[in-house]
Amino acid sequence: MPTGSPPIPAGPATAGPAGDLAPAAARRAARGPRRGSNERFPRAERLAPYLLVLPAVLVIAVFRLYPLALGVNFSFTGDGDRNGQPVGWDNYTALFADPLFTASMRNVGLLVLLLPVAVAIPGLLATFVYLRVPGHRVYRSVYFFPAVLSPVIIGAIFNLLLSFDGPVNALLGAVGIGPVDWLGDPGIAMFAVVGVHIWATFGMALVVFLAGFATLDASLIDAARVDGASLPKVVRHVIVPGLSRTIQFVVVTTMIGMLTSMFGLLYVMTGGGPEGSTYLPEYYIWFQQGQMGRPALASAASTVLFGVMLVVGMAQIAVLRRAGRED
Amino acid sequence: MKRRALWSTALIAPLALYGCGSAAAPESSGEGGGALVVWDWKSGDATAESYIEQAKADFAERHPDVEVEFVAQPFDQYYNLLGTAIQSGEGPDVMLFNGGGQLRDRTDALLPLEDYLAEDMERLAGWEAFSDGGHVYAAPVTLQGHPLYYNKALYEEAGLDPEAPAATWEAFLADCAQLEEATGADCFAMGNKEGYGIQFFLSGLGPGVLTSAEYDAWIAGDRDWTSPGVKRIFELWVEAEQAGLNNDGVNSTAMFNDEFALFDGGEAAHVIGLMSDVGHWKEFGEFLDPADVGVMPAPLVNPDAVPFLPYDGGIGYGVAEWTEDPELAADLVRSLTSTAALEAFYADAGAIASDTTIDASGAGPAAAAIVAAIPTGRPALHVALSAETLELMGRLSQQLLSGSATVDDALAQLAESDGAA
């Protein structure tokens, strides 16, 4: 995301985004006289800050903003016979008329809805590890293990496990439940893939949670226990409030992970199917660009995805900023 | 504030400047004079080594100073990479294509070759899949088709005559029932995870459903999706699933290669396979006894139909329109389709080569049956469709199997997509 706005010329000391309110006000008050003295600085010294940020700004402008502009511009040109010709909003009209694309956007919504599950699982498991359930040392390393496997390997493993005549269905059959077409039923496939994604990535979130627990005051938990609080109550009233910043951080990183790194799993496990039910925008872009030979339409889809990510990113920054203020 | 505005202008200027005009003007460019670059996904295979060697030797004889570089791309990324190359108007001089939609979608980037290849027209078969709008855009290397293979050992086990497979659909259903009862094998090995199952089904069984006139009209581009014949094929697709002819979990079974593995393992009695590359007589013969791999014509659903082998040019080499010396590149294509090279490809890779002068009688009954059927064969139904329609057909076929779409719905959507293409 391009965040390359230059520093506002307000003196050398600019406040960070997480700066506390009261000191910020104090600094604002102190700026007045300093700005006056600024004008007496020699010209070279006044230009120095800009010169110093120039390389960074240039890198962002040349390698981020410029290609972004090219991409957006490209999305207003045609494909195939109309290659290179301006076509206005045609690609966007085609995009939203394409059930595959709308399905992929709906799946983004589904991911957002499944986010609490993706955060709760590592949170809960980290709680158990923290509370030293028997064997917690083993679990700590075992839980992290899938995080080091590549999505392709994980996808291949679960392709075998979840195949119609695979071990999972054999197990279900043994307890009298009929076989489930995990990757062939459009109502189930997306959940199966998201489930595998959560399994594959929760180890990282677990580590973050454990780090958060390390900052938790153990005496609070002890006190709650002495007062006779049950485990659910300890979790609800002591652990969750104590970890609010950690939870917010995990929410943000998990969301980013779900939106940007499921391509490998989708490619290996479902290829967007069955019935196009597991398309995500990323996969759709790849599919239109390469398989269908419609790069301009793919650019339009990228632009829409960029817009969505921008909104999600802004919302996340807002959440993080608020979390910073609460302290 | 002024400075801030200046900065903003500096950042926005490129955005505004490039807001007009095209970002995708194809430019002409090429490799240096004495070199040709070939892209394919075959030249890295061990089984294609002698083929490439032969072709290179043939070309070197005529053009000793021209260097030829083969770049083997991974197949699953091939059209992505090619699409990017075409977009930039720079890339290989000669490139490999699958016949049909993948080539027809990219004819803008290809050179018409009919003038350069006139001498080969008689010797090679399978040109239709590489032609579009009266021009030929690539020369066929292999033939690709969709024979209906069956497992003779299972037939014998079920008490059926392995040399006399069913000729009509009713008899075929009766045989399948007997096969399932006696051997436990499914009638069809079917994998439709990628949406390819329907393509093979349409092309493999279509000749037994459509009349000759309907078939020709379809291939010629005059496709009536609501005609009784076409509708019957899609109804058969649904009926076969409902009647339990297929293996379980068709929509989650990958054709490559879970479907073929089922046939290889004797868990299904029939499979609509390929002629070349993979899923074909040679591969099946490695798991089953080559003498047990049979090829049968499509069972007749419509008594007026006359079944034949559906096949097209499988893969073929085309020339990029941006190449510097078209004649030189076309000469390389001729070397890549020379009899000696294709003979090597047939012998090592087990591909049915496009060269009709190669003798294939020594490769077992299935290959012999396929080669014998080539003179009367016709293009496969699905190859005539655009990549977009094929993709839609794949998705709709999955819906048909799961019951979330009706045949009429699906055909209406396909007619619309096909009409727009």
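All residue numbers here begin at 1 and follow the chain in the order shown.
Including glycine, each Cβ sits where the backbone N, Cα and C put it.
Any TrEMBL annotation is an automated prediction that lacks curation.
Going by TrEMBL, these are the annotated features:
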COMPBIAS  A:1-10  compositional bias 'Pro residues'
REGION    A:1-38  region 'Disordered'
COMPBIAS  A:11-27  compositional bias 'Low complexity'
TRANSMEM  A:47-66  transmembrane segment
DOMAIN    A:105-316  domain 'ABC transmembrane type-1'
TRANSMEM  A:108-131  transmembrane segment
TRANSMEM  A:143-162  transmembrane segment
TRANSMEM  A:188-216  transmembrane segment
TRANSMEM  A:249-269  transmembrane segment
TRANSMEM  A:296-320  transmembrane segment
Quiz item: Mind checking which residues reach the transmembrane segment (A:108-131)? Cβ under 8 Å, same chain, six or more beyond either end.
Solution: 139-140, 143, 190, 194, 198, 202-203, 205-206, 208-210, 212-213, 216, 231, 235, 239, 243, 247, 250-251, 254-255, 258-259, 280-281, 308
Quiz item: Considering only Cβ pairs under 8 Å, which range in A:47-66, A:143-162, A:249-269, A:296-320 makes the most contacts with the transmembrane segment (A:188-216)?
Solution: A:143-162
Quiz item: If you count Cβ pairs under 8 Å, which stretch among A:47-66, A:143-162, A:249-269 touches the transmembrane segment (A:296-320) the most?
Solution: A:249-269
